[in-house]
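This report concerns only the one structure given below.
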Amino acid sequence: QAADLSKPIDKRIYKGTQPTCHDFNHLTATAESVCLLVGFSAGQVQLIDPIKKETSKLFNEERLIDKSRVTCVKWVPGSESLFLVAHSSGNMYLYNVEHTCGTTAPHYQLLKQGESFAVHTCKSKSTRNPLLKWTVGEGALNEFAFSPDGKYLACVSQDGFLRVFNFDSVELHGTMKSYFGGLLCVCWSPDGKYIVTGGEDDLVTVWSFVDCRVIARGHGHKSWVSVVAFDPYTTSVEESDPMEFSGSDEDFQDLHFGRDRANSTQSRLSKRNSTDSRPVSVTYRFGSVGQDTQLCLWDLTEDILFPHQPLSRARTHTNVMNATSPPAGSGGANPGSNGNSITTPGNSVPPPLPRSNSLPHSAVSNAGSKSSVMDGAIASGVSKFATLSLHDRKERHHEKDHKRNHSMGHISSKSSDKLNLVTKTKTDPAKTLGTPLCPRMEDVPLLEPLICKKIAHERLTVLIFLEDCIVTACQEGFICTWARPGKV
């Protein structure tokens, strides 16, 4: 039925406490009834049915379980009655909708303990909530997310750590540390192979679930990143039957599409030429919104995911942040890696584009193939064209930006060493910087956003990808839907 957007289906006003987070149970939802959990700033969790209206339950009502703010609440995947609640105390609690919370504070008994986490069961004569209490890391637990198959749980905390657990066996699978500051948001790729986090280092970080390591960082935000989300409709893990271009010629007038298309043609070029050992083409698209009021869209492409294909190590290791002038010897820094076999007209060194969104690498990956030189030239030509305006704009503002925002990506290599020193001595007693837990900026590929656009006046707090649109919301109270190209 057509929704009247001026009249909400349900509206509730709370006194003395504010709603902070919510989650619908997609498993049990019908047109007539839907189970909605809402977490509050004073620690309670309410179960409501905004359609039926009469059903409502309150958990942790007396705040005997936890008095701190609820930061995240989620239904356990595949369950009609279990849900997990995280608090700014750093604790998570597992509840069952059917059970009561008891009239006294719960007593706990240790179930399992590991590096910087502990899980307790609630011991009482009759079954009551919470079933389990998880204590994770130091400081607030900002968000958690279940893997697509529901078996794993990724948590991000104010201590800057991502921790991934096997949810059923309560075992730690792997960890990662932010560049600095707390991690605020986390999400899984639709196939569960990658986790993206965002936080107070203004970066988005891509972590491989299988390898338990950081595989890329994305720099585009000028302030804290508040939400990261994968776009399941643009993410393609497909057999490499090159798709035809869809859309009309008018689309090409638009810079973003031009860029997008160039990107995809080029990766197809490199696929056609690369060895046939990997016949699957892969692109993951994810988005992020931040306190800088910007929406960024990112692509995670094969050259980042499979760097052991003939990708020039030299190019990724020469300081990735210094986009303006890579060292003259960058081509030969690692003998035999790319050997300058790609010669673009009037350019002895490959074009200095190490920061563009994974464009240059695909050009380089041609180096190992038969018809590499010509395609390489075309590809780098394409990438140069595709990212030209972006780079000019970046470099022009880059001094100004850095002074204003103290952001990482605009710093030239000289000052980045200073920055590393500061980070090490000041914020890192555990000396994680430079270790696999938190590699240095120059040790992992740096992604650039495909699109980075200011879309609000206040900090952004919501990003949801739907089939025909993208939904965003900001602290001014506006919820906006953005039509996907061709879906208007």
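Heads up, the Cβ atoms here are built off N, Cα and C, so glycines get one too.
Whatever TrEMBL says is automated annotation, not expert-curated.
So that you can see what the record holds, here are the features copied from TrEMBL:
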- 176-208: repeat 'WD' (REPEAT)
- 320-371: region 'Disordered' (REGION)
- 355-371: compositional bias 'Polar residues' (COMPBIAS)
Per the Cβ filter (under 8 Å) with a sequence gap of at least 6 from its ends, the repeat 'WD' (176-208) is approached by 139-140, 142-149, 152, 154-162, 164, 214-230, 232, 235, 237, 284, 286, 288, 290, 296, 298, 300, 304, 405, 407-408, 423, 427-428, 430, 432-433, 437-438, 441, 447
The correct DSSP tally for the repeat 'WD' (176-208) reads 0 helix, 20 strand, 13 coil
Looking only at the repeat 'WD' (176-208), mean pLDDT returns 97
